Amino acid sequence: MQQAVTMTPGAVPKPARRSSNLGDTLFSAACHAAGGFVLLLLGGIIIELFIGGLPAFRAFGLPFIWSTEWDPVQEVFGAGVSIYGTIVTAVLAILLAVPVAFGVAFYLTELAPPWLRRPVGTAVELLAAVPSIIYGMWGFFLIAPIMAQHVQPAVIDSVGELPFIGALFQGPPFGTGIFTAALILAIMILPFIAATMRDVFEQVPPVYKESAYGLGCTTWEVMKGVVLPYTRISVAGGIMLGLGRALGETMAVTFVIGNANRISSSLFGPGNTIASVVALEFGESEMGSLKLSALLALGFILFVLSFAVLALSRWLLRSRLKA
Amino acid sequence: MSATMTPQGTNHGANPGVSGPAKDKAVAAALGRSRKRADIIVRSLSYAATAIGLVFLASILVTLFYKGFGAMNLSVFTEVTRPPGSQGGLLNAIVGSAIQVALATIIGTPIGMLVGTYLAEYARGSSFGNAVRFVSDILLSAPSILIGLFVYQLLVLPFGGFSGWAGVAALSIIIIPIVVRTTEDMLALIPNTLREAVIGLGAPKWKMIVTVCWRAATSGIITGVLLGIARIAGETAPLLFTSLGNNAWSTNLNGPMPSLPITIYSYAGSPFQDWIELAWAGALLITLAVLLLNILARSVLRSRT
């Protein structure tokens, strides 16, 4: 404003200047507000789930987390079984998925002929695009019968007879259950882990690999001695990302886990997870009931679990994200 | 690992009859064989792993086509859902899904683009920007069922009932971080010289972003939006708590609204054969739509780069 008095020759035309300043201010404010909105969303999710779960936390206290009772008639609720089921299925899924994902990433970065890399990579990524409910139907109508008729009877008769680990593979072959749920989860998280591994493997400077090949290393020795040590932190981050996805997966698990509120010693036994309990029991809980509050409290626990795992994953992958 | 043996090393060999260079050669050959064997084993396992992944994808697609095409007929698209036994279709579910997904995309895309623009153009290195990026990445992988519960607490409980708008809200929360990620990534690819040229011509920053940066990033942003649509079109869990589902024809966003994933979920778990068949038809429709959107998104990106 003061500059208007000093009549500098060739001064910028004032009106145009002012309107563009206004445009800049508005646009910048809109962008900042949108950024703040994302923070508010996450904060809102945490707070709303906690407030919703508060009556259940008040009624049962800290033992809610490990209590294994779930009795809607007596209005006694505990999260123990579903937390157990959530963690067991997710960890088992990781154990099944990681070796296969590594194999896929190894193939895509080192073994596949160049013309085959993109189609195979795309096919594996399409596996990630298939909606969760489709995995549920496929698992329920195709995989569960195969498990019940062929896989589980064979395993129960062979491995189930062994001492100690045999107990994990006993009981009637229902087809559905903890193990089938973990298997479906493993297939669902496979593309996420494989894609992360492929991306970080590709970031290894070619000079390192070429030097190792020049020393006479085989492809596997280059992977084991050069690529994996170089990328191990990011690989761990990719695995954590898969774990985070497996923890909160709902529809596919609901179809195949058997939905029983008990911790069975056998992996073939039925169980439930936090997400499957919330999805199934929600329809039968009235607004404002203690049961609904218990479900929201379960949601809060799931949020804390997956937030921790996903945050760890981001932190491990930070070097990759910067690149 | 090394094949060169010290003299002491050769003395501990399994074959005491041979010594000197011949022994060294034998050891080196044996070592080479075992290294090659390890390499071949791991390679074969890697081929097997890739084959397993592809077999699963093929199995899902074959199952869907086999069961879905068997159940597909014209009434799937012309009739609404009916009680078991009477010839029904999925028309209301398809339309309900289309409305909710379209509205969620219209609401979520501008917000996601603004956040992505903020991260790429304004927030370089700031701690607020890092927090926004971190939170957006968490939301990208957060369980969608929790977003459903959140919207239930926020929009269903206070307003006394399930509604299509609540479903739209849940789906737009899911699509926002997807658009954020692609927008930021695409804007980051634009060379700074382009920005400097625009600013050097005297254009204000917002004009630079809207007319140059966004235009240069268009194909990338479209890819992100298409992938986002593909993702929310198949989302089931968040809709359970928000738009609930409806067996009648309904385009009223203030009441419970039907959607394809919810209908598939309730029909697939039912004991009625004709409902299960309709569920397969719906599953085939949704998977085809999602996979086509994915392939389309990839080709949009590839055509420009």
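The backbone N, Cα and C atoms fix where each Cβ goes, and this holds for glycine too.
Automatic, uncurated: that is what TrEMBL annotation is.
Here is what TrEMBL says about this protein:
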COMPBIAS  B:1-13  compositional bias 'Polar residues'
DOMAIN    B:90-297  domain 'ABC transmembrane type-1'
REGION    B:1-22  region 'Disordered'
TRANSMEM  B:45-69  transmembrane segment
TRANSMEM  B:89-119  transmembrane segment
TRANSMEM  B:131-156  transmembrane segment
TRANSMEM  B:162-180  transmembrane segment
TRANSMEM  B:212-233  transmembrane segment
TRANSMEM  B:278-297  transmembrane segment
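Same-chain neighbours of the transmembrane segment (B:162-180): 96, 99-101, 103-105, 107-109, 111-113, 115-116, 119, 136-137, 139-140, 144, 147-148, 150-152, 154-156, 221, 224-225, 227-229, 231-232, 235, 238-239, 241-244, 250, 252-257, 259, counting only residues six or more beyond its ends whose CB sits under 8 Å from a CB of the stretch.
For the transmembrane segment (B:45-69), the residues of the chain that approach it from at least six positions outside its boundaries are 277, 280-281, 283-285, 287, judged by C-beta separation under 8 angstroms.
Long-range contacts of the transmembrane segment (B:131-156) within the same chain, counting only residues at least 6 positions beyond its ends with a Cβ under 8 Å from a Cβ of the stretch, are 115, 118-119, 123, 162-163, 165-166, 169-170, 173-174, 176-178, 180-181, 184, 235, 237-242.
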